[in-house]
Structure formats: C-alpha cells, structure tokens
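Here is what Swiss-Prot records for this protein:
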BINDING   31, 32, 33, 34, 35, 36, 37, 38  ATP binding site
DOMAIN    1-229  domain 'ABC transporter'
DOMAIN    289-352  domain 'Mop'
C-alpha cells in the first residue's frame, strides 16, 4: 500500500496528493503534459523532494518533510522504468539484467526472463534490439532488484504502433502474475484501457478523479478526454452461463445480462467489456421480436449536448452506460434525468 500525502511546487501550480494506492495491480496516472504525472512518480522514487507531507510504502516512511526523513532512491526499494530503456550499451542483455539484481531474486531469474519472453535475447547487445525488446529488458532489470513498487513513466511513448502492440501483452501478463503494485504514467487512452485496474486523473497538479477504471472511464471527468468516436462505457462483468444451443455466452450485469459470442471462460470468471456509445439506442418500451439480443432496463442519469449530438448517461445496476442519440430523438422521446427506459446494445467488445 502506498500512502501519498504531500505537496510540491510544480511551475505555476502545486502538485497536491492525499490518496492511498492499492498494494497490487496497475494504477494508471493520466493527464496532459504538465499535469504533474512525472513529478508525482519522481517524488515517490526520491528523485525530487516534496516540501511538505509524507510518503509511506508498506508501512515504511520514505519521506516525511516535518521530521526531516527523505530516503535516497536506492533505499526505497522502488523499480523505475523510463520512456527510454537506459540500458548499458557495453553489457549484453544478461549483464544488464543482473546489474543490481537482488540476491533474493537469483532463483527468479529464469522465470522472469521467460515471463518477459527475452530468453533469446540474453547474449545480444542492446544496440541490436528493437525498441520493444529494450523496454522488456528494462522492465526485467527493474523487477530483478526486488522492488516493492514498480514505476513506469510512459514506457511505450517512444515506440511505434507495432512495437506497442508487441509489448502490451507482456505488461498484461506481468500484472496478472507478479504481486507487485505498478504505477503506470500515460496519456494514451488505449494503454490505460488495456492495462489499468485503477486510474488517477491529474490536472494542474490536482487529482480530479481516482478509482476503478470502470468508474473513472464513465465519469464526467473523463468524458471530455474521449474523442467522439471513442465515447464508450467500460463495465466489469462475470460469466453467467453458456447457451445450450447457440455459440453465445451470457455475462452478468447486476441483475441483468448481456449475450456475447461464446467465450472460452469458466463460469463466474470476471472480465472487462467495452460498449461504444454509438452502439446503444434507446426505446421507451421493451421491443417485441427484435434481432438485437441485448435490451437492458436503465435509468437516465444525465444528458449532455455535444456538437449536434446528445450523450445520454444511463444507470444500470449501479454501473454507467453511455448512449449517443440525436437531439430530435431526445425531444421526441422526452428523454431527461430520472426517466426509466430500455437500452438496446448492438455490439459488445471484450477488453481484458
């Protein structure tokens, strides 16, 4: 668990934190350039020194301004992966990995190398590696120091799209298989969508939202960040049943369910789905004899005008679902907050 309660001057703004981050999973730190993302993880790692407050990791005080405590970076047991891999060019991959390796990690070397898929790279020099391969080695080196926390500062920012796609599955595997919390700095919505368990949104050094990805993604804070074509809902669901006659799987959403193409997932397993706002239409009465398999009872929470369209925020079993309709449809159906209606979901995609 990481306790952040500090403030630090950030240009014309002040970075102010009073949050507790979880002891596992990936927490994404999101915001535009200058929002305070890198300043936050630099303060956590000990590269900078906040003028007020405390930083505590798993009960260990890393920084306490009032009592004059400020552990040096090497004493904090924190791994840091930068945008550029920063490997030693004269060491082979094996040497880079073993540099600074904790004795306690000796028995984990082969497992971690396999997890990152870098077995074939061990005897190569960094100059012969692709950008994605270098970053995998950098992540491995950071993990072999036996950190209690891993910081990743936009590790995919310098990579082209094919290399990003190459690295994402390895990061997903790490999140599932290692019991180390990770802070992942990014301004990429796609990376956050595929990796994050929780999201912290920073703006001018202030926390605008912090919580599970599903909640933050569907909040009004995140809504302006999403391009019109990406306006969507992220929902955490569980596998309810597999259809006895058709290749379809039912996913539980509160006391309702969604049908999707058959999944090779055991019953009760959890996963994350994405529904585009443009794939949701609204009706006042449950339709009869429709080809759309997913019709959900929902309550209108809010309506927002957006460049000639209307974004409708719906509540379904405590979750948020977005729909995009025309002003004509809104006016004709008299859609307003508090109205109960039915949402027809035309398409569902699985994200994680």
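Cβ coordinates are placed from backbone N, Cα and C, and glycine is handled just like the others.
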Subject >> Non-site residues, in chain order, whose CB comes within 8 A of the mean position of the CB atoms of 31, 32, 33, 34, 35, 36, 37, 38 at ATP >> reply: 39, 187, 202
Original post:
If you skip the near sequence neighbours and keep only those at least six away, which residues in the chain come within under 8 angstroms of residue 31 (ATP binding site), Cβ to Cβ?
Top reply: 37, 187, 201, 202, 203
Subject >> Residues near residue 32 (ATP binding site) in space but at least six apart in sequence (CB under 8 A) >> reply: 187, 203
Original post:
Under a criterion of Cβ-Cβ distance under 8 Å and sequence separation of at least 6, what residues of the same chain contact residue 35 (ATP binding site)?
Top reply: 202, 203, 204, 205
Original post:
When you measure from the Cβ of residue 34 (ATP binding site), how many other Cβ atoms are you left with inside 10 Å?
Top reply: 16
**OP:** Mind tallying the domain 'Mop' (289-352) by DSSP state, helix then strand then coil?
**Re:** 7 helix, 36 strand, 21 coil
